[in-house]
Structures are given as C-alpha cells and as structure tokens.
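Below is one structure; the comments refer to it alone.
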Amino acid sequence: MANLDLSKYGITGVTEILHNPSYDVLFAEETKPGLEGFEKGQVTELGAVNVMTGVYTGRSPKDKFFVKNEASENSVWWTSEEYKNDNKPCSEEAWADLKAKAVKELSNKRLFVVDTFCGANEGTRMKVRFIMEVAWQAHFVTNMFIRPTAEELANYGEPDFVCFNASKAKVDNYKELGLNSETATVFNLKTKEQVILNTWYGGEMKKGMFSIMNYMNPLRGIASMHCSANTDMEGTSSAIFFGLSGTGKTTLSTDPKRKLIGDDEHGWDNEGVFNYEGGCYAKVINLDKESEPDIFNAIKRDALLENVTVAADGKINFADKSVTENTRVSYPIYHIENIVKPVSKGPHAKQVIFLSADAFGVLPPVSILNPEQAQYYFLSGFTAKLAGTERGITEPTPTFSACFGAAFLSLHPTKYAEELVKKMEMTGAKAYLVNTGWNGSGKRISIKDTRGIIDAILDGSIDKAPTKVIPFFDFVVPTELPGVDPKILDPRDTYADPAQWNEKAKDLAGRFIKNFAKFTGNEAGKKLVAAGPKL
C-alpha cells in the first residue's frame, strides 16, 4: 500500500512512504542511531520510548485558527470581544501560504502516512490521514486514533480529513499573515485539512481532530463531549466523566470494577456512548504504581512517553517536572486490561459526572444536581487550572471553560449543552458535581475518598443517602457515604473556622455569577441563572 500518490496534496519528490507502519517498525525508526534533536526517542526501563517536544510541552491555543470561508463563516463559534475563545479567523491567502510551507517541508523526504479512524461508530466515523516526516509522531497517532484492520486499510479509499504535520517548518512571515507567532495550527473546513507548523507537541494532532468531531457531530444530533466513559462489567449502563485537564478523567474512569470505553473524547448518539479514539493520553506527573496501577502498567513497549525525565540508563523519574508539569504517555487502549471490546462503545449513560479540581477549597466533594443545575455547571465548566497543560501556566488559577472543554468547541457552547440535555432526558440520566481538588485542610481530597464517592454514584447508594443543602450554591450533599470519610462531605467541616469557608464561598459564588453573565444573551441562558449560586 506504500504506492500512495501524495502529489494531489502538492507533496512531490517523496523518496519512500511508510504507510501505517507496524509498532516494531515505528520502534526501530524512532530509536535508530543518527536521529537528532526532538526526533530522537529514548528507550526507558519500562520498555516505552520517551521523546521530548521542545518549547511546546502543551497545546498552543493562541496559535489555533480556522480559515474563514463559506464552509465556516456562519457556523464556527468565532472569538469575539464579548466572549473570547480559541477559534480565531485566518484568511484564505494566509492558508495558501501555510499549506505551501507545510507541503514544501514534506516534499523530497521519506514520509510516514498513517490512515486512521476517528469515532468508533462505523456509520459516523471520520477517516483521518496523517502525513509527517517524524517517526514518533506517526507512533503517536497510531496509539491515539482507531487503527484500521488490514481489510479496512485495503478498502480505505479517500480520507475525510488530512492532517499535514510540518513541525520542523516555521512561519517566519506570521505578522503579515495576521497570525500570532512562528507556530500555527490551522483548520480548513472547506478543503477538510489541518496544517501544523513549528510545534512538536503530539496533542495538537489529537485535539485537532477533536475540534473537527466537535464541529460535525452536534450538527447531526450527536452529543460531542470532552469526557471519559466506562460501563459496568455486564455492559448494561455507562457513566461519563466530564472534566478539564488534570481533574481526574483518566484516573477515575480507569477502574478495576468497570470496563473503560475511553478516557477523553466521546460521542453520545441514539444507540449509546462511543469513543472517538483508539488510545489514551494520560498525565504521568508523580505517577505512582500503587495509586494508579492500570496507567502504570500500560507504560510498556508501544507506549510513548512525552517530556519525562529519563536517565542515560533508561531510569524514569516521574516526579521530575523540570521540563513541564504536563508530562504524558500515549498508549493503545488495549494496554488497559478492563476495556470494552472489540469496539470502544457502550449503552446510554445513567450517570453524568462533572469533575472540578477546586483550588479554593469551597465545593463539596460531591453534590447531587437537579437538571437546571446540571446545565448551569456544564456551561460554567469550572476548575482551577492545574499547572502546565498549556504554556505559561504553572500555578493553580480559577478557570471557567464552557462544557469542560471550551478550547475544543467549534460551535457555540449552548449547542453542546442542548445535545447533552436531550440525551440525558431521553435516558433519565442523573448529574453529579465532584470536587477532586482541595478543602479546608489545605490538602487535596484523597484519590481513595474520591473513588469511594464515584462508587457510591455508580452503585446508586448516593441516591439513598441522607442529605443536606449547602448555602450560597444550594447544593444537595450526602451526609454519609460508604467508604468515604464523613468529615469531608460538608466542606465547612474541613475548616478550623467555618467563617473562612463562608468568605471563600462568597468569593467563588461571585466568580460563577460574573462568568455566567455571558450566557444570558438569550432566554435559555436567562432561565438558568436561578440554578446558579446566589449572594
């Protein structure tokens, strides 16, 4: 199959194409002698290869653009003065220049072409072709997307979307093109193409295609979600976990008592919940074999570590964050033992869990939400942004990211809320807000307590527990749950002086109210104000 013709993309003089290379070929290619700089992979003591991504150790949201043309003009959620987001417009002229730069970089080279699927449902999946010159980038997309069988590859035909990764090329004339820097990640919805220039961060390819699924699916009545998902062992019901980076999506959905559907990107259609991906992209800072055995054990041959500190003899130091807090590993989903097979999809969700890591120490560890509160807190998408998932952020700061994933939303946030609510109403799913962050003790709520809370949500015991209502937010919270320290369930009890909680709660409630004002431009948004905090 290596007789692909790339000249239709403008790529010429290709000396060799490695088309969907095997893991063994990828391993040999990314560790071969003579590789320099960020192309070089280092074999670690666990068998996985580690690579470094240079100055970009996270996505670069300031460098994300959509070409403004008839395909995008009236549908994309463009950034505006009233509501800033990452969907910045780029001209057709700038696109032509950027595409030419990418094509020039990839011409006269030995290339990797990886044909993948995005979306586990055959009827709505997207065929995505990645073209790159760097072996480990081909490894990354092989891990992260759905790998076609030999038969599917033979009948693959033309892709629905093409990503050109020219990480070695720079946009030196970015000012005259109206861009932000020498780096660019740009999408063209008319030609169905993405170009990546001057960033080596693997996540740009993964999240790029997520932005595209987030564009297409809601327009065809499918909820598109930045969440992890799992099912009970019998496969009778699913649970979904929304949350921003570092709030526990991967950790909490990877559960020995449940089967994993996926850890980050899903759709919910009339049949149920399905994964967009074929792999996981887990944070590994301070990874500990005892508290996260599944993720630790997934780090073996074929897994790909990013920006982890590795000694010359291959010894890994997971605690070292000198390069970045956002150290990662990508691995094919079958590296996790308990997964839904053969296709990563499950039945309708019965529980919808919103994860927030609250650095203010205000939110209860778990709140039972009514339907209006569910919409309010989904649109608010609150967490304290944790260190290092994006450039230039190292201290926890409050973040409101609509639908727990504003960075990846290509349509207006209310569209995602609308589709999610439709599915929840159809199936009678319940919503819960879980704080995986801090409380008045100054310590982070333990993974053990959070797992106990998740167990109580999934086995229904939370719905039978005695409850009380927390002021300012009107959250209904349980006063006791099996296996959870009862002293943490009311956050006021974790403060030496409960008045401290009151003060912080007022501050946080005010932030929610101020943030939600941007959704009150229409009737639906106005109606939800009453479900939010009150001062």
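Glycine is treated like the rest: Cβ placed from N, Cα and C.
Keep in mind that what you see is a predicted model, and the values were worked out from it rather than measured.
In Swiss-Prot this protein carries:
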- ARG59, TYR201, LYS207, ARG328: substrate binding site (BINDING)
- LYS207, HIS226, ASP264: Mn(2+) binding site (BINDING)
- LYS207, HIS226, 243-251, GLU292, ARG328, 444-445, THR450: ATP binding site (BINDING)
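According to DSSP, SER245 (ATP binding site) sits in a coil region rather than a helix or strand.
Distance from the CA of THR247 (ATP binding site) to the CA of ARG59 (substrate binding site) is 17 Å. Across the structure, GLY243 (ATP binding site) and TYR201 (substrate binding site) place their CA atoms 21 angstrom apart. Between the C-alpha atoms of ILE445 (ATP binding site) and ASP264 (Mn(2+) binding site), the distance comes to 22 Å. Spread of the substrate binding residues is 14 Å (greatest Cα-Cα distance among ARG59, TYR201, LYS207, ARG328). Apart from the site residues LYS207, HIS226, ASP264, the chain places the Cβ of LYS206, PHE210, GLU265, GLY405, PHE408 no farther than 8 Å from the centroid of the site's Cβ atoms, the recorded Mn(2+) location.
Across the fold, the C-alpha of SER245 (ATP binding site) and the C-alpha of LYS207 (substrate binding site) stand 12 Å from each other. Looking at ARG328 (substrate binding site) and THR251 (ATP binding site), their Cα atoms lie 13 Å from each other. Checking the binding-site residues (TYR201, LYS207, ASP264) against LYS249 (ATP binding site) with a 10 Å Cα-Cα cut-off leaves ASP264.
Of all Cβ atoms in the shown protein chains, 26 besides its own fall within 10 Å of the Cβ of SER245 (ATP binding site).
The local packing around TYR201 (substrate binding site), expressed as other Cβ atoms within 10 Å of its Cβ over all shown chains, amounts to 27. Recorded residues LYS207 (substrate binding site) and HIS226 (Mn(2+) binding site) have their alpha carbons 10 Å apart, per Cα-Cα distance. Separation of the C-alpha atoms of THR251 (ATP binding site) and ASP264 (Mn(2+) binding site): 11 Å, rounded to the nearest whole number. Recorded residues ASP264 (Mn(2+) binding site) and THR247 (ATP binding site) have their alpha carbons 12 Å apart, per Cα-Cα distance.
Taking only the Cα positions, the spacing between HIS226 (Mn(2+) binding site) and THR247 (ATP binding site) is 12 angstrom.
The Cβ of ILE445 (ATP binding site) has 27 neighbouring Cβ atoms from other residues within 10 Å, across all protein chains displayed.
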